[in-house]
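The feature transmembrane segment is assigned by TrEMBL to B:21-44, B:92-115, B:121-146, B:153-172, B:204-222, B:252-273, B:285-318, B:330-349.
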């Protein structure tokens, strides 16, 4: 298998944690709430899911519990920023620290243990195509994440629910005036975002690299937040961005396999460096950010 | 909408911020956090009395352990003072961890390249170089923000991850101690590379004085100087500040360079102080803890001195609890996170008061 085949085959699975967390953050941000706690929410979801799979609870239950756990933690965030109008940046950081702390605490006795991942499902016919065939051999969660991407895109593009969420994010006063419960909708959006972050962590810890280690989320939550900016709050571009990061995180492995003499630390830096560079390129076009940006992002809503 | 019988507590904005609530918020948050975390330890099957003693009392009962608290206060105080200036200008540099690491790297260059050098100039030069290193790392974020409009939160944080990898690279490669049994650490620094000890018999060194001096400087800068005033106005009302002729880009550069320099100085003082060599373990989360210290101190230079001591005691207490009450180190992170959350809730009451009134009247206002 050459490097291109290797990257194509692994890209979607590597992209899935980024994608799920970024989609969740997208929904919260569309409703006007900036949740910087994603890293901690992912870690919390990851440890819960890992513990359940380790004790034989199965992946389905693990994802449900990891998602619910992270959603509960994100509800604490919601109560503080929506109920008490606290600074969203500071509260998000605090939730991030708390989530990482709780995950390290609960995961203490599971450090470096492994579990069995889910089998990959090959789509007959498509998976036999040379070079790109690897794209069609994925585990079920990858396929479900793709479905979720399309569902969220369709929700914002066509449904009334999507329209209401956007109204709440763009102009909460107007949304309130025509009778929508702004705070309740923001609560729901944050909880949904937390749940997806929990799924993202569960995927990272029980399927992508099925082992538990403190700090294993390694900045993926932060990259997911950056992805929302890269994607200029558009679902399709967020998906492409997640694939880019999936590929970048595999490039390190691919480079080592081909025997390139590059320090492993430089390869480990790659996702962060790419984030910094892409963030600069996208943000430099202020028009683009203004066009799709969310008017009331981070602002508390007061009647 | 017309369920007038439902009485809910609502937050009503105060006419003016309550000073009492502002001052009471940190201690109340601390008490609530202690209670919540004790509950967690009980659930985990630990003896709460032993934890309370190890975490909250032991750091203060002996001079030996209190001096360790002071030792940890230095870096937290330095970093938090620098960050708070930026936070008041609404410039969220959360990459102090990386700036701290770069400060340590820059400072270590002198004793690693000239291990035999002697003279009283070495440690001051290291501190200066570390300050430059931290400011340099922060300047990358400032450049990205000013020139490319990139979000400073994300860029500064990503740079922290890069900084840790840079540290790993140097310690596993060119800067590894050749006689160090392959441990990822540098040579031990020579005597003149060490900052002077302040209190005989302890590890408390000159950097604590530097941190206190910087606190006074921060107070003068924020409360008395015109630039500091303009920075704060810029944070509260960006438009007013730009009318007054203070550009946003200058505020960004200033906030980030101050924050980076302070964090870099703290990093340099760490390798030239208690560590005496460059190690992987220099990045222990001071940069993140300092964010909490800054907020808990109300972003006020005096408040930050108190909150830095509290946070330092928490670190030492956490270490104690790890030994005597068998509590994982991660408990300290949980405590830190919940402390900041508790503070953010408590401080809301300086701007709002609780009012009990029927739900329906809320939508009428």
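Glycine is treated like the rest: Cβ placed from N, Cα and C.
Whatever TrEMBL says is automated annotation, not expert-curated.
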Original post:
Thinking of Cβ pairs under 8 Å, which stretch from B:21-44, B:92-115, B:121-146, B:204-222 has the most of them with the transmembrane segment (B:330-349)?
Top reply: B:21-44
**OP:** Report, as numbers and ranges, every residue of the chain located at least six residues beyond the transmembrane segment (B:21-44) whose Cβ falls under 8 Å of a Cβ in that stretch; write 'none' if there are none.
**Re:** 51-52, 56, 296-298, 303, 306-307, 310, 325, 327, 331, 334-335, 338-339, 342-343, 345-347, 349-350
Original post:
Excluding the flanking five residues on each side, which residues at least 6 beyond the ends of the transmembrane segment (B:204-222) place their CB within less than 8 Å of a CB in that stretch?
Top reply: 67, 70-71, 73-75, 77-78, 81-82, 84-85, 88, 127, 194-198, 228, 231-232, 262, 265-266, 269, 273-274, 301-302, 304-305, 308
